[in-house]
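Here the structure is laid out as structure tokens; the discussion comes afterwards.
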Amino acid sequence: MSSFVNITSSSPIFFLTGVPGLEVAHIWISIPFCCLYITALSGNRIILFTIITESSLHEPMYYFLSMLSTTDLGLCISTLVSMLGIFWFNARHISFHACVAQTFFIQLFTVMESSVLLAMAFDRFIAICNPLRYATILTDSRIVKVWFAILFRGTVILLPLALLLKRLSFCQSHVLHHSYCFHPDIIQLSCSDNKINSVLGLTALIVTAGVDSIFILLSYILIIKTVLSIASPEERHKAFSTCISHIGAVAIFYIPLISLCFVHRFGKRAPPYVHTLIANVYLLIPPVMNPIIYSVKTKQIRRAIKKVL
């Protein structure tokens, strides 16, 4: 079952491969993936529940952290059913409309996570560079507006990509080389002109994660400049320590994303399972690691979790 020929159907059925070349080991591969999903889902739910129930955490920094946990949960849920369905039940078939929906939500939560990380960088910039106006700038109402702006931005940028997938024709192979519907994977299977899909996909990546990463970098340049002007070493250490968790979250989001882009661009000769595993890591590592980083590095979160539990 290497391909499906479906020329006339307006709603083709796709075939998810799982991990190419390692199909016989899917049951064993499912064990670490299942552990990662359990860790990500439970960790982010605990963070959310703790922030909601603990009044001492009702501050801008922790509101943004709750947004990060929400997007991480969305990323996990977007791939959970299809990935574990392949590994456990060999359920590899997915309809075209379900595939487009999954692609949209994966991209949406990825863009939202990038936007939340930018908002958290702005939060740290205000807290360190203009602490006297922190409470007046980041009010509750403005934080709610930021959340809706993040959701609106992602939807407006990515909805056209999903709609444009529906204009493509698929008349040869319907085999997707990942454990979930991946936008570049889908457009490569098309037998019609997919240039506009490819260009818009790259443009969406640049204007979201690309632009966000530049502004995050600029924020930290200004933060470092401000911290270095502080005379007391203790105050410098205290200021930098408030940024450690966020820097870790930024690293575990952008490093897998950049690695995935490089593998798809320059790793043509790499075994197929390398592409798939890196794509899975890119979606799973941030949701798994973010609760751990903030629980370990943020005393207030650690104390609140102990109190709640």
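Every residue, even glycine, has its Cβ placed from backbone N, Cα and C.
All TrEMBL annotations are machine predictions without curation.
The transmembrane segment annotation in TrEMBL covers 27-51 (among others).
Feature annotation from TrEMBL assigns domain 'G-protein coupled receptors family 1 profile' to 43-294.
Marked as transmembrane segment by TrEMBL: 63-88 (among others). Remote same-chain residues near the transmembrane segment (63-88) are listed as 16, 18, 26-27, 29-30, 33-34, 37, 40-41, 44-45, 47-48, 51-52, 94, 102, 105-106, 108-110, 112-113, 116-117, 119-120, 123, 140, 143, 147, 150, 179-181, 249, 280, 283-284, 286-287, 290-291, 294, 301 (criterion: CB distance under 8 Å, separation of at least six residues from the stretch ends).
Per TrEMBL, transmembrane segment is recorded for 94-122 (among others). Within its own chain, the transmembrane segment (94-122) has Cβ neighbours under 8 Å at 11-16, 61, 64-65, 67-68, 71-72, 74-75, 78-79, 82, 146, 150-151, 153-155, 157-159, 161-162, 165-166, 170, 176, 180-183, 186, 204, 208-209, 212-213, 215-216, 219-220, 246, 249-250, 253, 257, 283, 286, counting only residues six or more beyond its boundaries.
Long-range Cβ contacts of the transmembrane segment (143-165) within its own chain (Cβ-Cβ under 8 Å, at least 6 residues beyond either end) map to 60, 63-64, 67, 100-101, 103-104, 107-109, 111-112, 115-116, 119, 183, 186-187, 196-197, 200-201, 204, 207-208. The transmembrane segment feature in TrEMBL is assigned to 143-165 (among others).
With a threshold of 8 Å between CB atoms, the same-chain residues lying at least 6 positions outside the transmembrane segment (199-223) that come near it are 107, 110-111, 114-115, 117-118, 121-122, 124-125, 128-129, 153-154, 157-158, 160-161, 164, 183-184, 187, 239, 243, 247, 250, 254, 257, 261. Look at TrEMBL and you will find 199-223 (among others) tagged as transmembrane segment.
Residues annotated as transmembrane segment in TrEMBL: 244-267 (among others). Taking Cβ pairs closer than 8 Å, the transmembrane segment (244-267) reaches residues 68, 110, 113-114, 117, 120-121, 124, 184, 205, 209, 213, 216, 220, 274-275, 278-279, 281-282, 285-286, 289-290, 293-294, 297-298 in its own chain, all 6 or more past its ends.
For 273-296 (among others), the entry in TrEMBL reads transmembrane segment. Listed by sequence, the residues of this chain that lie at least six past the ends of the transmembrane segment (273-296) yet keep a Cβ under 8 A from its Cβ atoms are 17-22, 33, 36-37, 39-40, 43-44, 46-47, 65, 68-69, 72-73, 75-76, 78-79, 83, 106, 110, 113, 177-180, 182, 245, 248-249, 252-253, 256-257, 259-260, 263-264, 267, 302, 305.
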